[in-house]
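The region 'Disordered' annotation in Swiss-Prot covers 1-20. The phosphoserine annotation in Swiss-Prot covers 71 and rests on similarity to another entry. The repeat 'LRR 2' feature in Swiss-Prot is assigned to 106-127. The repeat 'LRR 4' annotation in Swiss-Prot covers 152-173. Per Swiss-Prot, repeat 'LRR 5' is recorded for 175-196. Feature annotation from Swiss-Prot assigns repeat 'LRR 6' to 198-219. Annotation source Swiss-Prot lists repeat 'LRR 8' at 244-265. Look at Swiss-Prot and you will find 266-286 tagged as repeat 'LRR 9'. Look at Swiss-Prot and you will find 290-311 tagged as repeat 'LRR 10'. As annotated by Swiss-Prot, repeat 'LRR 11' applies to 313-335. Here Swiss-Prot flags 336-356 as repeat 'LRR 12'. Annotated repeat 'LRR 14' per Swiss-Prot: 426-447, in sequence order. Residues or ranges marked as repeat 'LRR 15' in Swiss-Prot: 450-471. For 566-586, the entry in Swiss-Prot reads repeat 'LRR 20'.
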């Protein structure tokens, strides 16, 4: 009832009357009524050029429903209203906000992104309860000092403005956990920035920064630092002491040397692609014990040291577009799920092997790890077995590499002799690619307790039989270049599957069963006819990091796909949708996801 106290002599209905007149049709009374109950009001995308007075005064004036019912015994007690705590007025045409903002002191969330604001009202500093403020995609040129008084602020989004500097006093935001200043015109970061001791995520990408302050290492809780697309030539050595850092993005800068990270024992992802790095040495690698993703693409590397084997947790390694002519064979002993080598003058690995993908490259490198003895080709020739069918089974591959290889035979069936050759040997991989198979060999089920990798690409498969669904240790499955348009629901039993390649088939939608294989990390389904994806189901796939949807029939990309924050590689080129535009796609996955998130209706 405290909200209903009025200044002496004031007409108790006057405020309401003004509110109703000011709102017109831009803000329906039903929406205001619901907001008084829920404490949340969403006015996004209403073409507003100013905020109606009835919004600012929502908890001050007597509502319209008071006209219909003044009884204290009424079912709907209009006087028992909830203070507005969340206000969303994004995607409008607002050029300014008035100081009437102070009439909403209970606000904890204020979203005013995607407007035309050039400043913030001084009353902003009075919103002492505010925890989340989104002012992104506006026209702010000067850092709003009003923000520095918001001591309870935890999330601040100022990306896509025209800021050139950060004002003093910013360090007073001691509770800030998430700060996005990307896509501005910042040239420096003040040393006082380091006082943001609670900061967990900091995005400084797409600015004009030439350096980072040494004091950055005082941010003891920082886990995610994004400095992509700046002008950085060096990284302060103090950054190596950030013990909590897990994700570091330094792509598209001017770095010539890879920093060392002696204290960053928790670092999981290091992205330094598109720089000018010329050398990768053991000192750069030996402390990266937890690294999962290492992006070195588009640099000037000439070699990869043998010490790469120290990165035992590494899952994704991108070396594309460098000057690398050879790879250490020890690389084959890493448990990589993705290895990119395109655009290098490699002379020690045939292009045919590289085109077969990561697992084939690793197997090839492992086969070369020998201190003595004959070469692989000589050994294979000596141990190959001639079968009655005149087929040749590589016994060396079975015994040494644990591969059952009957590829590139143009066979319509896999002879029994091939499976018989396994005998008591342990087999972890099957390669029946480049044949004329119309169905999956039934005898594959005999290897269900062993096999983790299966390559059935470049065949004539139009359906998947249940035999494949019984390979419960399967982690890698290559089915590209077949005639598939669906997958059986029974594939849900493949509870260890991490990578599936369905490119160059006939799928018109992402198979439903894939959404239920929560171990999946990589889905490659380019060059099909996929017309839609379900972002809600995909968000549940928390391990999914790579999704290739290139060259399909996607007419639109659902904004909710931006919530799939675990995606590190999202490929969408070659689809007929108009948004996101090509200019967004070329910026990479992080930019695409951010673009999509900013357009989620709220």
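Each residue, glycine too, has its Cβ placed from N, Cα and C.
Values in this document were obtained by computation on a predicted structure and should not be read as measured data.
Sequence-distant contacts of the repeat 'LRR 15' (450-471) (same chain, six or more residues past either end, CB-CB distance under 8 Å): 356, 359-360, 407, 426-442, 444, 477-488, 490-491, 493-494, 496, 501. In terms of DSSP helix, strand and coil, the repeat 'LRR 15' (450-471) has 4 helix, 3 strand, 15 coil. Away from its own ends, the repeat 'LRR 5' (175-196) comes close to residues 136, 151-166, 168, 202-219, 226, 594 of its chain (Cβ-Cβ under 8 Å, at least six residues beyond either end).
For the repeat 'LRR 20' (566-586), the DSSP-based tally of helix, strand and coil residues reads 4 helix, 3 strand, 14 coil. Across the repeat 'LRR 6' (198-219), the DSSP tally of helix, strand and coil residues reads 5 helix, 3 strand, 14 coil. If you look at the repeat 'LRR 11' (313-335), the same-chain residues 6 or more away from its ends with a CB under 8 A from one of its CBs are 273, 289-306, 341-349, 361-369, 521, 545-546, 568. If one looks beyond the repeat 'LRR 4' (152-173) by at least 6 residues along the same chain, the residues whose Cβ comes under 8 Å of a Cβ in the stretch are 113, 128-143, 145, 179-190, 192-196, 198, 203, 594.
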